[in-house]
Ligand SMILES: CSC[C@H]1O[C@H](OP(=O)(O)O)[C@H](O)[C@@H]1O
């Protein structure tokens with residue numbers, strides 16, 4: 001199975017499959033420090049909410065290893081965790097993983113015990129994500145009728161997670177069940193996660209996939225070519241508002257206009273129990289150069305401003321279902337909302 005992160009304990013490095021170069025080139029970065037992991041996340045060598053959390057967890061192991069011989073190891077660890085947790089604001093999984101790693105050493109006195117505790121916690125986080133994805137795939141694929149064509153946005157596959165994927169996990173499980181006719185993948189400008197990553201992942205698995213420009217999605221829905229829209233998530237509020245890759249909200253509006261199910265797939269670690277409403281989610285804005293690269297320019301022409309929000313918010317009323325490893329709820333119908341509450 002494709003895995004974007006490989007922990008090498010004997011070498012003391014986290015190997016990161018550099019997704020900025022896929023599918024043209026397969027290159028692995030060797031991250032030997034928490035700051036190197038932070039740089040890989042900030043630069044999107046590793047991306048995807050769950051994968052970011054898993055990378056941060058192994059980054060925390062590198063951090064604790066780097067300070068284990070110091071008297072003030074806990075302060076050193078905390079400083080590195082603060083820096084690592086600040087690199088991308090929207091995906092909740094980053095902060096969630098950092099908190100889990102901090103908690104794993106909270107009651108530990110000796111530094112060497114803290115190293116063991118961190119390594120065990122990072123391994124648990126990674127294994128739990130893969131198990132969650134498989135359960136999401138199993139639960140979510142049952143929502144789909146036989147012969148379904150699914151439209152998906154961005155990349156939510158093995159490259160964005162601990163393996164199998166979230167929305168792509170449902171797609172893979174539906175394909176394994178013989179229920180899937182094919183997939184329509186949006187290119188997902190400007191970073192092209194769909195064109196470069198999703199189409200490649202699905203083709204590698206022999207799953208029929210057609211790539212479209214983002215702006216073709218609504219027309220294909222109007223033409224009856226789409227039976228369901230399935231996307232991932234970066235942060236979900238208690239009422240079911242969903243932060244996800246820019247363009248998700250437009251897909252939800254078009255899906256509602258054509259009475260097409262709009263399904264969100266995410267592990268429960270993507271739910272932010274502190275968040276009542278999606279409006280309070282910080283949206284990451286990225287460099288203008290990401291947009292202008294398609295025009296062969298490294299910056300905007302004189303007199304032209306650029307807006308490059310990397311995420312948007314889909315209100316709960318447009319979300320037909322949220323599929324997690326713990327179950328399914330329907331924010332649009334107000335059903336199963338206990339799944340999104342802190343006690344879930
Ligand atoms: C498995 S959810 C992945 C989620 O993360 C992506 O964002 P990015 O590629 O910028 O990290 C996108 O929002 C996906 O839905």
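Cβ coordinates come from backbone N, Cα and C, glycine included.
What you see is a predicted model, and the numbers here were worked out from it, not measured in a lab.
A sphere of 10 angstroms centred on the C-beta of residue 245 (substrate binding site) encloses 27 other C-beta atoms. In the three-state DSSP classification, residue 245 (substrate binding site) falls within a strand. Feature annotation from TrEMBL assigns substrate binding site to 47, 48, 49, 88, 193, 244, 245.
TrEMBL lists 154 with the feature site 'Transition state stabilizer'. According to its DSSP assignment, residue 154 (site 'Transition state stabilizer') is coil. Around residue 154 (site 'Transition state stabilizer'), the same-chain residues six or more apart in sequence whose CB sits under 8 Å from its CB are 186, 188, 193, 194, 198, 231, 232, 244, 245, 247, 248, listed in sequence order.
Feature annotation from TrEMBL assigns active site, proton donor to 234. Within the same chain, residues at least six positions away from residue 234 (active site, proton donor) with a Cβ under 8 Å of its Cβ are 49, 90, 91, 92, 93, 243, 244, 245, 270, 311. Taken residue by residue with DSSP, residue 234 (active site, proton donor) is part of neither helix nor strand, so it is coil.
Close to the recorded substrate site, the chain also has 52, 91, 154, 155, 156, 160, 232, 234, 310, 311: residues not among 47, 48, 49, 88, 193, 244, 245 whose Cβ is within 8 Å of the site's Cβ mean position. Under a cutoff of 8 A between CB atoms, and with a sequence separation of 6+ in the same chain, the neighbours of residue 47 (substrate binding site) are 19, 41, 155, 160, 193.
For the recorded site, residue 193 (substrate binding site), the DSSP three-state label reads helix. Residue 47 (substrate binding site) falls within neither a helix nor a strand when secondary structure is assigned with DSSP, and so counts as coil. Under 8 Å, Cβ to Cβ, and six or more positions away along its own chain, residue 88 (substrate binding site) finds 41, 42, 52, 94, 284.
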